[in-house]
Amino acid sequence: MRLHGEVSFDEDEEEVVMVPAAALSSSPLNGGAVPVTRLVVGYALTKKKVKSFLQPNLLLLARKKGINLVAIDDTRPLAEQGPFDVILHKITSKEWQQVLEDYHEEHPEVTVLDPPNAINHLNNRQSMLAEVSDLNLSSFYGEVCTPRQLVIMRDPSSIPTAVAMAGLTLPLVAKPLVVDGTSKSHELSLAYDEASLSMLDPPLVLQEFVNHGGILFKVYIIGETIQVVRRFSLPDVNTYDLLNNVGVYRFPRVSCAAASADHADLDPHISELPPRPLLEKLGKELRGRLGLRLFNIDMIRELGTKDRYYIIDINYFPGFGKMPGYEHIFTDFLLNLAQSKYKKCLSGG
């Protein structure tokens, strides 16, 4: 199978003439500044990811900045392709992960975005939020925590008893335990009453529902850059809802399918973005703990509070194409990687 999305350009477009990366080993140029070179980025993405991420505005800007995006063919040995400066990937198969790990062992000079073992940490919702719960990020700017949750591996009939023993409060949000890149793994269910809990389908994670004004903050992290957008989310649940609703209500991928809330006429107490210093501290901590540079955080603010936030999901290499100006942020990120690597080589590191 060939991974989709080979990048090509019209022959009559102006060609950018650049010094090959191999020339860097001869002598520093520009008084020690990073010399002009073409950065080769190999990508291994699904057809869906190619379409959403490698948009024309990104391809054009990358070319202008000297970034060469090359599709990786997984029917050929990876060592026979390239050479690459960076490998960008989002393929979930164990076979691909092993290929990538073997390649990186032979070519440690190639930057892999991101390491497969670090990505795997986010493929399980139990381990996903464990790092957040250990952060202890209470500060002047606010408190960051996670909803109380319970993992159910099997036997739906045992769920009501397990929930009662854990002391969780209804309603509960049910999410598949494993995140495998499919739309089904991002579906949500909302269970209103105890009797309906046995209708759920393990393995899953149950989280206490936190009223948040129906607004979700998607915090995109690309390296050290952070950008936040608002999305409409599940509506708040009140006492009337609990008394008059029974059963399980199923939802698609809410934060992805919902329209942007950035320009909606909202109560400022609900729509106000989390403080920038808090997000920067959170981003730095999670980059270090997760070992990732491309991810996003789904965050909500508890209704009626100004500074209590809950992280409800973390996603690797999310839909950056929906983020305003993503092409500038992402190409700058790639160039900064190259600059950091070059400076490290100059210093003998």
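Using the three backbone atoms N, Cα and C, a Cβ is placed for every residue, glycine included.
The 1D-myo-inositol 1,3,4-trisphosphate site in Swiss-Prot is built from LYS48, LYS90, LYS218, ASN315 plus one of HIS186, HIS269, namely HIS186. Separating the Cα atoms of PHE217 (ATP binding site) and HIS186 (1D-myo-inositol 1,3,4-trisphosphate binding site) is a whole-number distance of 17 Å. ARG125 (ATP binding site) has its Cα within 10 Å of the Cα of these binding-site residues: ASP313, taken from LYS90, HIS186, LYS218, ASP313. Rounded to the nearest whole angstrom, the C-alpha distance between LYS90 (1D-myo-inositol 1,3,4-trisphosphate binding site) and GLY213 (ATP binding site) is 33.
Calculated from their C-alpha atoms, the gap between LYS48 (1D-myo-inositol 1,3,4-trisphosphate binding site) and GLN207 (ATP binding site) amounts to 29 Å.
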